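Taken straight from TrEMBL:
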- A:49-253: domain 'ABC transmembrane type-1' (DOMAIN)
- A:53-74: transmembrane segment (TRANSMEM)
- A:86-108: transmembrane segment (TRANSMEM)
- A:128-151: transmembrane segment (TRANSMEM)
- A:187-212: transmembrane segment (TRANSMEM)
- A:232-254: transmembrane segment (TRANSMEM)
- A:275-301: transmembrane segment (TRANSMEM)
- A:313-337: transmembrane segment (TRANSMEM)
- A:318-505: domain 'ABC transmembrane type-1' (DOMAIN)
- A:349-374: transmembrane segment (TRANSMEM)
- A:380-405: transmembrane segment (TRANSMEM)
- A:442-464: transmembrane segment (TRANSMEM)
- A:484-505: transmembrane segment (TRANSMEM)
Amino acid sequence: MAGRAQPVSPWPGVGAAALVAALILGTLAAVALRADTAGGFGPADWAALRFTLVQAVLSALFSAGLAIPVARALARRRFRGRSALIALLGAPFILPVIVAILGLLQVFGRAGWISDILGLFGLPPLRIYGLHGVVLAHVFFNLPLATRLILQAWQEIPAERFRLAAQLGCDGFTMFRLIELPMLRRILPGVLAVIFAICLTSFAVALTLGGGPRATTLELAIYQSFTYDFDLGRAALLSGLQLALTAVAALAALKFSRGDGFGAGLDRTIRRWDGGAPAVDACWIGVAAAFLLLPLAAVVISGLTGLFEMPALVFRSAVISVLVAATSTIVLLILALPMAMAVATGRHGIVELSGILGLAASPLVIGTGLFILIRPVANPVTLALPVTALVNAVMALPFALRILVPAAHDVVVRHGRLALSLDMDKRTFFTRVLLPRMHPQIRFAAGLSAALSMGDLGVIALFADPQIATLPLQIYRLMGAYQMQAAAGAALLLLLLSMGAFWLLDRGGRLHAET
Amino acid sequence: MLKLDGCVIENGKFSLRADFAVEAGASIAIIGPSGAGKSTLLEAIAGFRDLKQGKIFWDGYLISKLAPGKRPLAMLFQDGNLFPHLTVEQNISLGLRSNGRLSIDERSEVQFALDRVALSGLGDRKPAELSGGQQSRVALARVLVQRRQMLLLDEPFAALGPALKAEMLDLVAGLLTETGTTLLMVSHDPQDARRIACQTILVADEKAHPPAPTRYLFDNPPPSLRDYLG
Amino acid sequence: MKHLMIAAGLLSATAAVAADKPQLTVYTYDSFVSDWGPGPKVEEAFEAVCDCDLNLVGVEDGAALLSRLRLEGENTDADVVLGLDTGLISAAKETGLFAPNSVSADYTLPIEWPDDVFAPYDWGYFAFVHNADGAAPANFRELAEGESKIIIQDPRSSTPGLGLLLWVKAAYGDEAPEIWAGLADNIVTVTKGWSEAYGLFLEGEADMVLSYTTSPAYHLIAEEDASKAAAAFDEGHYMQVEVAAKLASSDQPELADQFLEFMVSDTFQQIIPTTNWMYPAVTPAAGLPEGFDTLITPEKSLLFTPDEAAAVRDQALAEWLGALSQ
């Protein structure tokens, strides 16, 4: 049904996308226009670009590659605590960078748990610092996201397909080739592009785990341009480069991920008949869980003592963070739902592109750009929280779109014709069909966005007011004041809040979870 | 009267020509080889597919520019005729008002439709809790409350067993007689056509032929139909 | 609901300042305004004497602070900026945004302070902090030859990181690249900022971390933990002097002067040691807090003048990058 009436209108989504693009490109332009000199591109920048690309590509490949067997194992096994595990696996993704680094190194560092065990056998400690360390850290952050996205796509395969394959006597590999491979072909380019873009803006993680200036990324070069050199032209140029790279990755992903949905299935509970080897699945789930949960355990353990040493102020920051997260989640849904619908109605790749740009937008550039733009009209400091909420929403938008777009597409394909034949108006289709059908995905996106916003330092540091500090900022302040214990406690509180928000919002989103 | 005036419908590789008229109140079967364009023809009439050329009229009014929901017809697809997240009653209600908010009179109309398809008391169920035959009945109940002048069936009962399918067709035939609705029904089973359609459109060789009396057509099949019937 | 009201109150807190009192806006780095920094006490003490409203605005760190001022230019809201250091003074002066002041005090800095635009309020020595029970090298060469593992900060994103760069340059001049090449295998990793580095050190990732000679005082005084010590290097220690200045565009020049005078007074200086964990620029009449006497006192203080620092900075960075990117 090409070119005919659609049950949803693309225009609100196109509008939202334009708004997002204006925010990202407008702030970049503001920074560029404020520059005294045109930015130059030195040999150090080429080295930074090369390292950034290498680590981002490797991180994306490893994260997505490892996520496939983990997601597959999770998709076909039912066990007690499965949904709790899936929720918990998402935690690294929402940790503040500094907390995650400390947690990771408590496990994988020179003095980490693994090195301690190696020491018992007289072996030298683990050498974590280097390109492999950067990739390991990025896999730690992004494996959960990749797993969740792939798992969701897996669970959206109608049960009828598996039944058919089972009936045809397909073995595990044939079933993979017939049903799962086409699904992966559809979802993987997007997953790879998203993780690539996330890793493109890595800075503190890449530098610390990379072990030195060899691991200089573009984002570090941007930071250097702002603070060390005050070369706004170069900052804008480098940020523009990041955006361009992300745009290329996104366009490539869009081109390769074209394909049809899986057609309609009735809402039957998924049951699968491809046994596979339970031991292999258990192994994948166990290894992934250990990899992701051990550093979390380290964060929890170091936080436990600090939890009782935290000044009351930390709780005030927690309240502020919750408010910022709530606002940011609402803003996100207002932007993401229309955009997802616009993409679902057809070739509005430009909408998806503008959505993904949020990933590669340097927080420093957005923050500085907003600062330049807001200052003539208002005191940026008084707008610190709304601005932080807005920027957090834009940063979470790409993830939300990856979750919402396939679902919106399926709803339009499955039910669009029926709605049209019933002369259903667009508003009714939205409220009576789209919202209820996308309920799990909306909750997932909202939970993810709330958790991300809670854990993200965002641009608050650029606008901060002594009175108003979000929890991540407070953690940095505590650390800056030598109060590492209290900071660890606050980090644990943040982890609990993020997970709590995610759990609360996503509870209804655990698709087809058999219990 | 439904009139297709010099219509050309394109669908990827092939195009289908249609130029015929159907009397109001008639029951027409559409038959032809697989892939000949039976569904394409219905989709064009229903408005899900643009015409390359030509016009479609209903009772003299041009309808080929109208959105699907504005055309004087109801259509049942091969699948996806119900919203799985809505109850039976809510699904039927959508036929009356697309936002589903009903007056008391309209509520009783829904109840009546439920009774008419023998599903009284199942209004609160979700489609997944019903059998295939029951799901078809819900869809028919909705068609009933839609009160459209034409009903297009794109093999909605194909998945049902012969007895059940026959029962559904009888139900459809009964409803048509009560309401005077015109029926266009895709079928690949001559028995179906004989059962309720007095006339049949043969779709073959990139052409939708004008309706011919069903009995006559099957008794004296043209070559393309003979190949199909075997 | 109650929480919402608290938050609403917080949001409007900045807007709701008494309009009748003059307002003095001081830009500083974030850790100064944090509740564990000097900010809250300084604000309370100054407002008690000035009949004004002191508005402290925190910006990430010293370098970001200067960038912020350059971004705002002459339209800045700031009357005073507090928290630049000797490494940034040259660039700050070039902007022409600052005005001379008439502050005078008997500075107890180990060096002369001739600058009439930037007034110092505290200072410290960079040093490698280690666990007191372990032996420490006596200089960079010994460190480079030994097995000790160190964590340092990146000079491009961190003030101590830049300090270390200038330290090696001041101590070794043209031999600096050689020193860095020797240190390369001792460096576990380089972090974005001080907090990451110090956190990793406390977790045992390295034997030593680049920090300040005053760092052990924190552990001793705040945590009653004497297990940390700073290694005394015999080639001398590079200094960090933190300074403040008045903006030329200030609409409260008298109040700004009053604040700078207050800054070198006993009241302010007493707050510094146990909140900013640095030496006060003027030792308070009551002396330094107990515990500061246990700190090492370098035999030699190294410090480039602002102009020298600006001149060697880029070359030193190139040498550092060259040596550590091999």
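Every residue, even glycine, has its Cβ placed from backbone N, Cα and C.
Since we're looking at a predicted model, the values are computed, not measured.
A contact between the transmembrane segment (A:53-74) and the transmembrane segment (A:128-151) is present, since 3 or more of their C-beta pairs, 6 or more residues apart, lie under 8 Å.
Where the transmembrane segment (A:380-405) meets the stretches A:128-151, A:232-254, A:275-301, A:313-337, A:484-505, the count of C-beta pairs under 8 angstroms peaks at A:313-337. No contact links the transmembrane segment (A:232-254) to the transmembrane segment (A:313-337), because fewer than 3 Cβ pairs that are 6 or more residues apart lie under 8 A. Counting Cβ pairs under 8 Å to the transmembrane segment (A:275-301), the top-ranked stretch among A:86-108, A:187-212, A:313-337 is A:86-108. In this chain, the transmembrane segment (A:313-337) lies apart from the transmembrane segment (A:86-108): fewer than three C-beta pairs between them fall below 8 angstroms, excluding pairs fewer than 6 positions apart. Just going by CB pairs under 8 A, the stretch in A:86-108, A:349-374, A:442-464, A:484-505 that sits most against the transmembrane segment (A:187-212) is A:349-374. The stretch in closest packing with the transmembrane segment (A:442-464), judged by the count of Cβ pairs under 8 Å and taken from A:86-108, A:349-374, A:484-505, is A:484-505.
Long-range contacts of the transmembrane segment (A:86-108) within the same chain, counting only residues at least 6 positions beyond its ends with a Cβ under 8 Å from a Cβ of the stretch, are 74, 114-115, 126, 128, 133, 136-137, 140-145, 147-148, 151, 204-205, 208-209, 288-289, 292-296, 298-299, 302, 448, 451-452, 454-457, 472, 475-476, 479, 488, 491, 494-495, 498-499, 502-503, 506, 510.
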